[in-house]
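Have a look at the structure below, then the notes.
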Amino acid sequence: MFLVTRSVGLVWRNFWGILFPISSNIFAYGASIVLIMLLAPYLFEYLNKQKNIVVRRILTVTTILFVVMPTIFSKDLWFFASGNNPVWLLYLMLLGYVIKRFDWMSKIHFKFAHLIVSAAIYFGMTYLMEQISYMIRENVETMTRFNVPNSVFAMYLTLSIFVFGIAISKRIKASANVVAALFISTQVVINWEPNITLIEKYLTGFTITSTKQWLVELTKSGIIIFVASVAMAVILVLISMIPWFKKLAKILSFSSFDEFMAKLRGIGKWVAARKKIFYSALFFYIVTMIQMFSVSPVKIKVGVSTWQPAILFIPFNRQAAIILNTVIVMAFLLLIYVITKRFWYSFAITLIIELALGIANYLKIPLRNEPVLPSDLQMLGGMKDILGMVDPIILIIGFALIFVLIVIAVFLQHRFKQQSTLRMRWQGRVASTVLLAVFLSGAFFVNHEGSVPFTVFNMSNINRYFYNQELGAQINGPIVQFINNVDTKVMNKPEGYSKAEVDRVMKKYDNDADKINQTRSSWAKDQTFIFNLSESFSDPARVPNQTISSDPMPNIRNIKKNTTSGLMMSTGYGGGTANIEWESLTGLDLSSLSPTLPTPYTQLVDNQNIAPNITNLFDEKVAVHPYVASLYNRKNVFKKFGFQKFYYVGSKDKLKYTDKIDDNPYISDESAYKDTLDVIDKSTNKTQFIQLSTMQNHMPFNDYYQKHDYTIDGTAAPEVYKPRVEYYSQGLNYTDKATKTFLAKLDKINKPITLVWYGDHLAALFDNDSMDEYGIQLHQTDYFIYNNKYIRDRTKQSAV
């Protein structure tokens, strides 16, 4: 369990390999054991017919080939080192057969002494070869020269451990079940693929420099494996003592092929008796795939510039998600079935809900770019108004379909009443109801890190696409994506929070504001205030362990010298634009929210009765975003925030300028600035707020530009990323030039304009810089506050 919990990539296939060791090709040792066990009867039958001298000769020849020769040549001649080779396991079985046939156990005396001597020889040879290797080579490369896994010395130690272990088990009269459990546990711990990987990563990822170090690491590995094996064995023994397990073991165990076939027929009968449940699972599995296809385009955008055909991606890449959706639906169906005792009524209720969700998603996603969310349930109170917005033909077909389903369910339930009515004692129904309810209640914990539902979702490869709910529905399935949005908590209640305390804080800052504003003039009636979020903008020269050939942002650097400016701490790295936008517009901090609410735009704003933000201070509110608005629920958020116009790709209020630089797929910052100037020009004699979020420097940072003016040196970016940092720097330079031109044009406008310009986060290109060591630098971005010439001149006149 220690090793498993250290795994960051735990997925279902790790466990699938235990159930199907041969076909999965994960548990190679287990597969070899199965093959050897199948061959064992024939091998023993052959050996039993042979004379003792023949058996001894067979053992002698195989021992020379498989043990002595690898020791002499210090090579894994037969590729036995992995321990998975069936030939090697066959040899070990032969050795065990010989030990039993000739009763060597009773002839070996001083078993503990053999254990001590064999260990001394094994480790002594290692120490001796270390000294020789260091004298001859000045290193320890040949330290394990005679201790390859199947060498004479290793086999002597192994046999000594085996003989001593058997002797101890007989002395303490350990049952065969206990011994078997310990051996099985040891083999599982040692040979389970995730454990092998983890042992290599966490326990043996070092360079051997001495025998002492080798012994320490070997001992450490051995102790952990031993403890894990004993713990697993204890658990297995305890489980084997449980009555229901004994019953299950009796049902599943068999001692002959005929008995095995009889067991299979029994399982077939058990499944046939519950075929309605299994057919229902298959049916809803297909329904889930249909739902995912219905909300997906022909090609799904699984990355910024990566598209996959839905017809291939969903069935072949998203099986875990499809099965998880099906399991959840079936749990709901079974809960209704246990409560009502009527199968067809339960099936109809579940299907109607599934169809309603599927149709609602099919209608909503093209309009809102998001699936049905838990927050939509609040609108059920206005169902009459909602239905009034739906095409009457769809409503007629929908209600007709529901009516037909109800009629069919009633008919089938009465026609097949005997087979379709649950026959279970009330105690079983209560227990089943509780278990199913507990299972479904996991929806409220799927985003609580460390919880069982959180782990199950991760193992099922569920992507928490809070920033792109539409894509989440396409690749996670509508049910799972809906549940993803159930487990949200806005924030923990602060200590000492009360209305009186809030009133006290507000009064304090009201008084402070009154004092400050005594020396300030009011805003002009035609004041324009701009928030300019510059995508991924940050000074690459400030990144630790990196240098750049020349400055890509000389103009902005000069602007910062003459304005209120500095560095801000971004909550994002490589992403999180919408969160930073939310912070700037609301004046709130993301860190004050619950970890289960990572994306306020999609999880919080829709649920707010009122959404206070900076636009409340202005008469005109306009947003400019030269990209699509489907991400992060921006259209609905900006409407909730009070923006009267929103210019984006595909909007009713068209973007006038959409030029791009060379091969960059994103609209240039120069074009975004031009659209912003147009918005300013259209303003009447009113206060105006503009939210400008650019896109030119958005990932991926590919070779889009014809110019290549910058080279990067240092270790911050991996070698494969260094060209991308250079392309990224080229884009920053274009932004730098466009920003200088933009400010010059703002200076020519005869009205007061204030610009708050900032980068939202660093590009995710500097993986070699440790976040633990350089966390602050990797979250610092540039900002400045610029007043145009009109304000500067007016300020000078006021001073005079």
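Please read every residue number as a count from 1 along the shown chain.
Every residue, even glycine, has its Cβ placed from backbone N, Cα and C.
Any TrEMBL annotation is an automated prediction that lacks curation.
Per TrEMBL, the feature domain 'Sulfatase N-terminal' maps to 527-794. Here TrEMBL flags 15-42, 54-73, 79-98, 110-128, 148-167, 174-192, 223-245, 277-296, 316-336, 343-363, 393-414, 426-446 as transmembrane segment.
Counting C-beta pairs under 8 angstroms (sequence separation of 6 or more), the transmembrane segment (343-363) fails to reach the transmembrane segment (426-446), with fewer than 3 such pairs. Below 8 A, the CB atoms of the transmembrane segment (54-73) and the transmembrane segment (148-167) form 3+ pairs separated by six or more positions in the chain. Using a cut-off of 8 Å between Cβ atoms, the transmembrane segment (277-296) and the transmembrane segment (316-336) share at least three residue pairs, counting only pairs 6 or more apart in sequence. Same-chain residues lying 6 or more positions outside the transmembrane segment (316-336) and placing a CB less than 8 Å from one of its CB atoms are 11-12, 277, 280-281, 284-285, 287-289, 292, 308, 345-347, 349-350, 353-354, 432-433, 436-437, 439-440, 456-457, 459-462, 475-480, 483.
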